[in-house]
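K.L.:
Handing you a structure now.
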Amino acid sequence: MAVAGCTRCIKYMLFFFNFIFWLAGGVILGVALWLRHDSQTSNLLILQFEGQQAPSTFYISVYILIAVGAVMMLVGFLGCYGAIQESQCLLGTFFFFLVILFACEVAAAIWGFMNRDTISKELINFYDSAYIKALDVSGSPSKDAAIKVLDVFHTTLDCCGKGDDSALFKQVASALCPKKSPEDFLQSQSCHDKLVELFSEKLHLIGLAALVVAVIMIFEMIFTMVLCCGIRNSPGVY
């Protein structure tokens with residue numbers, strides 16, 4: 001072994017953090033795949049109405065998470081192997097990828113914070129466009145399609161209406177919300193609120209995972225620098 005004393009302790013701590021980092025990558029990959037195939041979001045985001053697909057901004061975030069999780073697992077393995085082998089080359093490569101990942105995570109966090117309400121607003125607008133067509137008394141050709149879209153929203157989210165419903169909607173609520181009785185309709189939560197709640201929960205989950213990973217990354221960068229300096233200054237390295 002080229003390192004000894006405190007540096008050797010740092011070596012095993014770095015290996016431990018890299019193992020946690022590798023596990024975190026696996027968890028993020030698993031959560032991202034769950035978000036991609038979650039029945040609630042999938043049922044809503046595959047909808048089409050008047051030739052328009054439901055907004056897919058949420059899926060863009062999920063695909064980024066899938067890529068990040070896969071890269072984290074690869075980089076975590078590289079860091080574990082580099083720490084055990086005490087290879088400055090591998091540790092330097094690991095540190096480079098770690099900095100890139102950290103910068104991407106910070107940029108994604110800023111983008112996510114600035115657009116945290118975009119996903120729910122886009123789907124609310126999509127719901128409202130179908131809502132208006134479903135109540136169209138002129139009998140437009142897209143009325144049946146609009147009713148089917150509303151039925152998916154109401155069934156998936158267990159909601160009915162948008163909160164400030166007109167008298168016309170209340171008259172036809174039994175048809176648009178077939179699982180709701182008149183008493184249930186009065187007590188049911190609006191679909192606007194349900195959409196905000198649905199994506200707020202998922203974004204909070206993503207934000208918590210990102211915060212944990214960011215803390216691990218900071219410790220790993222510190223330990224990697226210390227270990228590289230220790231390897232370079234050890235008696236057996238020239």
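Yeah, the Cβs are placed from backbone N, Cα and C, and that goes for glycine too.
Nobody curates TrEMBL annotations by hand; they come from automatic prediction.
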K.L.:
Just choose from C104, C191 the cysteine that TrEMBL connects to C159 via a disulfide.
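P.N.:
According to the record, the bonded cysteine is C191.
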K.L.:
Quick test of reading the record: TrEMBL lists a disulfide for C177. Which of C160, C228 is on the other end?
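P.N.:
Among C160, C228, the record in TrEMBL lists C160 as the disulfide partner of C177.
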K.L.:
Residues sitting near the transmembrane segment (12-36): Cβ under 8 Å, six or more positions beyond its termini, same chain?
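P.N.:
The answer is 42, 59, 62-63, 65-66, 68-77, 79-80, 83-84, 94, 202, 205-206, 209, 212-213, 216-217, 219-220, 223-224, 227.
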K.L.:
Rounded to an integer, what is the Cα-Cα distance in Å between C177 (disulfide bond) and C159 (disulfide bond)?
P.N.:
8
K.L.:
Cα distance, C160 (disulfide bond) to C191 (disulfide bond), nearest Å?
P.N.:
6
